[in-house]
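Note sheet for the following structure.
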Amino acid sequence: MLDLKRIRNNSNEIKEALNNRGEKFDVTVIDEVLKLDEERRNILVKVEVLKSKRNQVSSEVPKLKKEGKDVSNIVAEMKNLSEEIKGFDTTLAKIDEKIQYIMLRIPNIPNPQVPDGETDEDNIEIRNWSEPTKFDFEPKAHWDIGSNLNILDFERAGKVTGSRFTFYKGLGARLERSLISYFLDTHTEKHGYTEILPPYMVNRTSMIGTGQLPKFEEDAFKISEDDYFLIPTAEVPVTNLYRDEILKGDELPLKHVAYSACFRSEAGSAGRDTRGLVRQHQFNKVELVKFTKPEQSYEELEKLTNDAETVLKELGIPYRVVRICKGDLGFTAALKYDLEVWMPSYNRYVEISSCSNFEDFQARRANIRYKEDAKAKPQYVHTLNGSGVAIGRTVAAILENYQNEDGSVTIPEVLRPYMGGKEAIK
């Protein structure tokens, strides 16, 4: 959520920034918010005048009673003033509700570092690691490799559940589990994150706090009778861990890593990446989440991105880092990097992690603040997160980049201790 004061003082700048985003956004709502805000402030002035008058009248009652005078007219006046104030309070509550409704639907403002552009074709590559994998045979797609090795079963998952689900079997399940452990061990032991195992269901307030609701409700799996949602990412429960709390300044930055299953309807992705592990309704992911002071957040974003890159380097998977343009930025981020791994079957790079700085956008929605000391005024933290990284897509990248002509797959060396010392899946 944006700062209403920022909108009030920089409305034209805010409109221009919102116009430059890719998603179509009606900037006239900014004028609507400002009109409601002005109406609200005018009513508050009137309420203060009425309260002052009521207090003044109220202070006269004891004196008049002591003098034996009739106070019925004054009591009646106090009652009328109270009723008038009550009416204004009702109006204010309705105005606040309207303002909140609009504010929750206004996207974040891009940081000045975000490049111009409308689609993912306008994203800018800022670095890459290793050359795309070359083969002296015709490489197969990961869904064929997995099926041939009997470690992935898409057909039976379709029978049991439906499309975009997978059974991992044998060494496929072992590979998935090994990646989860390797990612968690790396981020806790090498990078200093505290491990969290979160709930896989959250309430509506939590989804609003991180920005999934109200805009993306159609993309979420909902348990209607309880108004719970299956989490689309561990970002949601881990960020809301500190909702409505004031943190200590000397505790920041807080760094958490969480493994979870993730659930997405992929409502807007019909026809895209329908085969394999790239776009599933249920998948596993290790998520990195940070809470920082505002002046630290962009330095911490670079560190978080490097932390995610580390596991890809150690796995030996070719990848690149792209800076996302304004049109592809999404609803909540102020600046975002995507890590994309090379996928031979696609003959292109495929996203495996998004690393974002939300500045105070989520913190305002979730009311997460900090104080430098006991006497200091609370300030909103900046929140950051990034995949560290998506498990299923990593399995796909390993199967495709480490495949051999005989149909086997070499296991990356860093994973072999987790795979019982095995060197290949045959």
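Cβ coordinates are placed from backbone N, Cα and C, and glycine is handled just like the others.
Feature annotations, reproduced from Swiss-Prot:
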- Thr233, Ala234, Glu235, Glu287, Ser387: L-serine binding site (BINDING)
- Arg264, Ser265, Glu266, Glu351, Ile352, Ser353, Ser354: ATP binding site (BINDING)
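A map of Swiss-Prot features onto the structure.
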residue: Thr233; record: L-serine binding site; CB count, 10 Å: 22
residue: Ala234; record: L-serine binding site; CB count, 10 Å: 28
residue: Glu235; record: L-serine binding site; CB count, 10 Å: 29
residue: Arg264; record: ATP binding site; CB count, 10 Å: 20
residue: Ser265; record: ATP binding site; CB count, 10 Å: 17
residue: Glu266; record: ATP binding site; CB count, 10 Å: 14
residue: Glu287; record: L-serine binding site; CB count, 10 Å: 29
residue: Glu351; record: ATP binding site; CB count, 10 Å: 17
residue: Ile352; record: ATP binding site; CB count, 10 Å: 26
residue: Ser354; record: ATP binding site; CB count, 10 Å: 20
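Around the Cβ of Ser353 (ATP binding site), 28 further Cβ atoms fall within 10 Å across all displayed protein chains. Checked against Ser387 (L-serine binding site) by C-alpha proximity, the binding-site residues Arg264, Glu351, Ile352, Ser353 yield Ser353 as the nearest.
Excluding Thr233, Ala234, Glu235, Glu287, Ser387 themselves, the residues of that chain whose CB lies within 8 A of the CB mean position for the L-serine site are, in sequence, Val236, Val238, Ala258, Ser260, Cys262, Lys285, Val286, Leu288, Val289, Asn385, Gly386.
Taking only the Cα positions, the spacing between Ala234 (L-serine binding site) and Ser354 (ATP binding site) is 13 angstrom. Thr233 (L-serine binding site) is 12 Å away from Ser353 (ATP binding site) when you measure Cα to Cα. Ser354 (ATP binding site) and Glu235 (L-serine binding site) have their C-alpha atoms 12 Å apart, to the nearest angstrom. For Ser387 (L-serine binding site), the count of additional Cβ atoms within 10 Å of its Cβ stands at 25 [all protein chains shown]. Taking CA atoms as the reference points, Glu351 (ATP binding site) and Glu235 (L-serine binding site) are 17 Å apart. Comparing CA positions across the binding-site residues Thr233, Glu235, Glu287, the one lying closest to Ser265 (ATP binding site) turns out to be Thr233.
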